[in-house]
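Right, one structure below, let's go through it.
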Amino acid sequence: VAAAGVRLHAGPGGHGGRASCRGALRPAAQPGLRRPPGTSPPSSEFVARPVGVCSMMRLPVQASPEGLDAAFVGVPLDIGTSNRPGARFGPRRIREESVMLRTVNPSTGALPFQSLTVADLGDVGVNLYNLQDSCRLIREAYQKIVAAGCIPLTLGGDHTITYPILQAMAKKHGPVGLLHVDAHTDTADKALGEKLYHGTPFRRCVDEGLLDCTRVVQIGIRGSSMTLDPYRYSWSQGFRVVLAEDCWMKSLVPLMGEVRQQMGDKPIYISFDIDALDPAYAPGTGTPEIAGLTPSQALEIIRGCQGLNVVGCDLVEVSPPYDLSGNTALLAANLLFEMLCALPTVTTV
């Protein structure tokens, strides 16, 4: 277990461990390989994509958040799921598919690796036999990350994990705004007598005063429901709930203009459940709902956050066993890259 309460991820052909922020692949360690200097992930022009430790974007794996501006963190937890499990394997598969990602965003002009020092902090050492204890471990790990001034970008894991992450966020920033992209409101009260699972995180956050409810927006909500209580709860707290039907067949750029005004310059957290997208694009998830968002709309949402005071992000509910092609994880990896590009101190050209 690393110093930040994070367990290093070991992928095929590699080992977890400390690495310089200058890069995980060194010419001396990889005879015959060359890479340009700098803090960027290695280019496929110099290092073959299948080579090296399985880290996010083939970034260096680092045990501590000290000295980092932002970091990718895996939380391989799925014991809060209510239907199909498998999200515990999400972080690893997202890392595998992230080998396709490059360093510059031509669409937005963002240059994240010329602006930030970034690494992969590995995985939080969760307890797969105890959801409450896992939440404690997540909270403690993220408190150390945010205390170091590092912005976490999280690879989930089911949506339960956002609750302890927001506990850590609120401890530093106070109640935060929330951009929540999902098929479900996740504001149920309990199921099977339990008040903590992936359908309740944002209700628990309200209970503890972790959210600035005047700055909470939920986008992509849809599907059948046992009752209207989760919807009524969100509305009663002042959340803006944007149904999927209100997003069909249109650009979401105007919507994000309104969201930007609502969020202002105060801290905001982005929580993106992959099931917000239509299962035609993202079948690898535990609770799919038909008639969801498109990948281009997902990009419009995240790119619409560029310049906001984003203090953390997560991408949750990728369940690789339900998409053997890896397309869901590839989509997730790209959305996480877009989140990195949207961080407030990233320069653009």
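Residue positions begin at 1 at the first shown residue.
Just so it is clear, glycine is given a Cβ too, placed from its N, Cα and C backbone atoms.
In TrEMBL this protein carries:
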| type | residues | note |
| --- | --- | --- |
| BINDING | His159, Asp182, His184, Asp186, Asp273, Asp275 | Mn(2+) binding site |
| REGION | 1-23 | region 'Disordered' |
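Note on the binding-site residues His159, His184: the fewest other CB atoms within 10 A surround the CB of His184.
Asp186 (Mn(2+) binding site) has a Cβ environment of 26 other Cβ atoms inside 10 Å.
Sequence-ordered, the extra residues of this chain that approach the Mn(2+) site, with Cβ no more than 8 Å from the Cβ center of His159, Asp182, His184, Asp186, Asp273, Asp275, are His180, Ala183, Thr185, His198, Ala276, Thr287, Val316, Glu317.
Shown are the binding-site residues Asp182, Asp273, Asp275; the one with the most C-beta atoms within 10 angstroms of its own C-beta is Asp275.
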